[in-house]
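To start, I am sharing the structure in question, which I have written as structure tokens.
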Amino acid sequence: MTKYKLEYIWLDGYTPTPNLRGKTQIKEFASFPTLEQLPLWGFDGSSTQQAEGHSSDCVLKPVAVFPDAARTNGVLVMCEVMMPDGKTPHASNKRATILDDAGAWFGFEQEYFFYKDGRPLGFPTSGYPAPQGPYYTGVGFSNVGDVARKIVEEHLDLCLAAGINHEGINAEVAKGQWEFQIFGKGSKKAADEMWMARYLMLRLTEKYGIDIEFHCKPLGDTDWNGSGMHANFSTEYMRTVGGKEYFEALMAAFDKNLMDHIAVYGPDNDKRLTGKHETAPWNKFSYGVADRGASIRVPHSFVNNGYKGYLEDRRPNSQGDPYQIASQILKTISSVPTEKKAVA
């Protein structure tokens, strides 16, 4: 038997953006534990905005498990928060009620800033560095500094070791801004892995004395890009049948449900979605081929393949909850009728 360090991780009850929480217990197993072997656990909900002090018990229900390469015999356990009966989802538990479809594929592009001493990493003590231009996918100390790349490479390795479907990294448009991409089949799986990747980044940067800033527009109304979490999505029907008529009906549905999407695409999006810095205005829906200034970017490959494949919704922001984002996208897609065609 081996003693494993089980890190139970969950989302707290803070609004509009939940925080990640985690605590460790030690359990013995003959080998790396399966999800079915992991027990329910409890925590003090009165300290996480999820209960009152006079009745503070909440329950953690494991829903996904990953190896933790940062610890000897480490296990990362993604959890849903349940009421004391262990069966009823807590009001803050969005995962329990979202739409899911294994045939729906999601690729999230998580942008963020490294922050040190209250400002983006690489910014001078006062004022600003050289304007945007050389930082996006840049190399060299003057562009990315001396520690950021070390962190993103270490984070990449931690994600891959955990079995997270991490698909890439790059320096972003603003100084101190980076991005990583997570892909998953099914909204719950994709979102589980994105939340776990966020957790690993936050935990990793502790030892560097650096914070992660997920706010979508941390530098305010300046000529510096904000941060998004663009959502690339497709369903089996979009990939195998599609067609221009279906695509146009789909875009009409996204237009009709504009405000439902904005409501779950992350707080303060009006500060980011201004029509500048590769964004579309938050209150107007648009789409265009290869257009990074549109609400939805349509890849050339999608059109060239007979309007089949994936699309990119560029409106979700860097603080958005991937559970709710994926669910809303599926909800809108499900409102559009599909022809009953055989899939070749």
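Heads up, the Cβ atoms here are built off N, Cα and C, so glycines get one too.
Below are the features I grabbed from Swiss-Prot:
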- 4-86: domain 'GS beta-grasp' (DOMAIN)
- 89-344: domain 'GS catalytic' (DOMAIN)
- Glu109, Glu111, Glu172, Glu179: Mg(2+) binding site (BINDING)
- Glu167: ATP binding site (BINDING)
- Glu278: L-glutamate binding site (BINDING)
In Å, rounded, how far does the Cα of Glu109 (Mg(2+) binding site) sit from the Cα of the residue listed as 'ATP binding site'?
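Cα-Cα distance, Glu109 (Mg(2+) binding site) to the residue listed as 'ATP binding site': 9 Å.
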Between Glu111 (Mg(2+) binding site) and Glu278 (L-glutamate binding site), what is the CA-CA distance rounded to a whole number of Å?
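Cα of Glu111 (Mg(2+) binding site) to Cα of Glu278 (L-glutamate binding site) measures 14 Å after rounding.
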Determine the minimum-neighbour residue: among Glu109, Glu111, Glu167, Glu172, listed as binding-site residues, which Cβ has the fewest other Cβ atoms within 10 angstroms?
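Checked Glu109, Glu111, Glu167, Glu172; of these binding-site residues, fewest Cβ neighbours within 10 Å: Glu167.
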If you count CB neighbours within 10 Å, which one among the binding-site residues Glu179, Glu278 has the smallest count?
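Each of the binding-site residues Glu179, Glu278 was scored by Cβ atoms within 10 Å; lowest is Glu278.
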Could you tell me the C-alpha distance between the residue listed as 'ATP binding site' and Glu179 (Mg(2+) binding site) in angstrom, no decimals?
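Cα of the residue listed as 'ATP binding site' to Cα of Glu179 (Mg(2+) binding site) measures 11 Å after rounding.
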For the recorded Mg(2+) site, whose residues are Glu109, Glu111, Glu172, Glu179, find every other residue on that chain with a C-beta no more than 8 angstroms from the centre of their C-beta atoms, and list them by sequence position.
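These residues sit around the Mg(2+) site: Gln110, Tyr112, Asn170, Gln177, Trp178, Phe180, Gln181, Ser227, Gly228, Met229, His230, Ser318.
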To the nearest Å, how far is the Cα of Glu278 (L-glutamate binding site) from the Cα of Glu172 (Mg(2+) binding site)?
12
For the domain 'GS beta-grasp' (4-86), how many residues does DSSP put in helix, in strand and in coil?
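Across the domain 'GS beta-grasp' (4-86), the residues distribute as 6 helix, 45 strand, 32 coil.
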